[in-house]
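Everything on this sheet refers to the single structure shown next.
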Amino acid sequence: MPKKKTETLQTDVSEIRITVNRADSERSISITNGEIAERGVWGNKLEFILSCLSFAVGLGNIWRFPYLCYRNGGGAFLIPYVTMLFITGVPLFFFELSFGQFGQEGPITIWKAVPLFQGVGIGMFIIAFFISLYYNIIIAWAFFYLFSSFTAELPWQSCDHWWNTAACRRFDAKNCTSLQGLMAPNGTCYFRSEVSLDQWNYLNETSQNMKMPADEYFHNFMLDISEGFHDEEGHTLVWRLCLCLILSWVVVFLGLFKGVTSMGKAVYFTALFPYAVLIILFSRAVTLPGYSDGIYFYIMPEWGKLLSARVWADAAMQIFFSLGPCWGGLITLASYNKFSNNCLRDAIFIAVANCSTSFFSGFVIFGIVGFMAHELGVPVKDVAAQGAGLAFIAYPEAVARLPISSVWSILFFIMLLTLGLGSQFTIVQTVITCIVDVTGIRRHYKKTCFFVCSLSCVIGLSMCSRNGMFILQLLDNYSGTYSALMIGCVE
């Protein structure tokens, strides 16, 4: 009879979780269908802190916050930004850390605590998967620019390449524009008294359509972008991008194939190296002519804009998306914590460090932007940009004007790579953790990691086509914005 009872227990119970707590360590062991597998924990507290910091401090801190700051009142924007940090950012950040640490499960299985809301976990999984697809495309772009920087002369320094068009010019038009002249496509400066009215109107029209070499390098060479999504040749793959994408997924796999063990080691570099580069770039920026104009433009407060609802909405959105809640990443990272970890202190420290990084990066970016405006002889507002336009067009164009430009370009794109990979590690780890926790196949973690990376790479190849930019923009606009906001409201 006792034997029969034991067999019944083994049949009914599909998974048993045993957590062993000791003064010096903690281990989480699962028994699933007769198999014993350790879930894993962080090697030490610092690995968890750096992983969260690496996840939160991403590309948005570099290419979005500085632009939002100058657009929404400069230094005055810090008031709504800090307010939203402590009203919405820290509470939601702390909730996800404490929830993941308490349940020690991934974003899907942890909602067994409240079965009614298990759809929230599924939504997080879907968001993380789609974001991982296009995020690695941006990392592939950074790899491409990094490799292109290992030359004596950067390929976007001139208009003498086969991908350049008649609209390309070096924009060395400072002396011409300061004297109210217009620069022709051939580089000749014309003044109103030298040409007829029709010729002047033609020059005025063509000068507005001129493009920088970095712009044409990005669109015409790297992306080889088609005229539209439905272009007949739009589905042709750009082999250069395909190779960089494969390399990106190989790096992600190598960083995750041992779970938090390998990820914990990788974040020492991905979390700390960007700060070293930011300090180096800032030290260089403050030595350039015009840097003070850019920084003044960045921090000069416009108090009247605080009355605008859009300013407060932008502050809330930036806090929401820079800290990264509702993507499942924070729950995933915290689930590998020790049960007794002080996650409130962690939440406050990481949130404040993330926002401080955003503010400091603005000095670096606008110092360089001010230099570029000085070189072009135009107002800073005409040079300021955000998103991919800042990282892959405006900033490379500015770097190309510096002495030993290749060195500064290499540093900048290595920084972009580490920022992107730091966030990507957590996003992909979230996808893998969800699959492993739901299926209970922890013994086959490496195979699952390889499958996820391989499948994502194959799907991502669609964004390496000539019309891939349009697909990426669709994913960027819809996968991690409104859907994540809805999850945040439910939480």
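Backbone N, Cα and C atoms are what each Cβ position is placed from, and that goes for glycine too.
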A56, V57, N61, S322, L419, S423 bind Na(+) per TrEMBL; candidate in N341, N342, N354, N467 listed for that same site = N354
TrEMBL annotation, disulfide partner among C159, C189 for C168 = C159
Ask   = What range among 48-66, 181-199 does TrEMBL record as transmembrane segment?
value = 48-66
Request  = May I ask whether the transmembrane segment (311-336) has at least three C-beta pairs under 8 Å with the transmembrane segment (48-66), counting pairs 6 or more apart in sequence?
outcome  = yes
Request  = Measuring Cα to Cα, tell me the gap between A56 (Na(+) binding site) and C159 (disulfide bond) in whole angstrom.
outcome  = 38
Inquiry  = On a C-alpha basis, identify the one among V57, S322, N354, L419 that is nearest to C159 (disulfide bond); the candidates are the binding-site residues.
reply    = L419
Inquiry  = Cβ neighbours within 10 Å, counted over all protein chains: which one of the recorded positions V57, C159, C168 has the most?
reply    = V57
Task = Tally Cβ pairs under 8 Å between the transmembrane segment (410-436) and each listed stretch (120-147, 311-336, 448-472), then give the stretch with the top tally.
result = 120-147
Task = Find the member of 78-99, 120-147, 237-257, 311-336, 448-472 that has more C-beta pairs under 8 Å to the transmembrane segment (348-373) than any other listed stretch.
result = 78-99
Note = One finds that other Cβ atoms within 10 Å of the Cβ of S423 (Na(+) binding site) number exactly 25
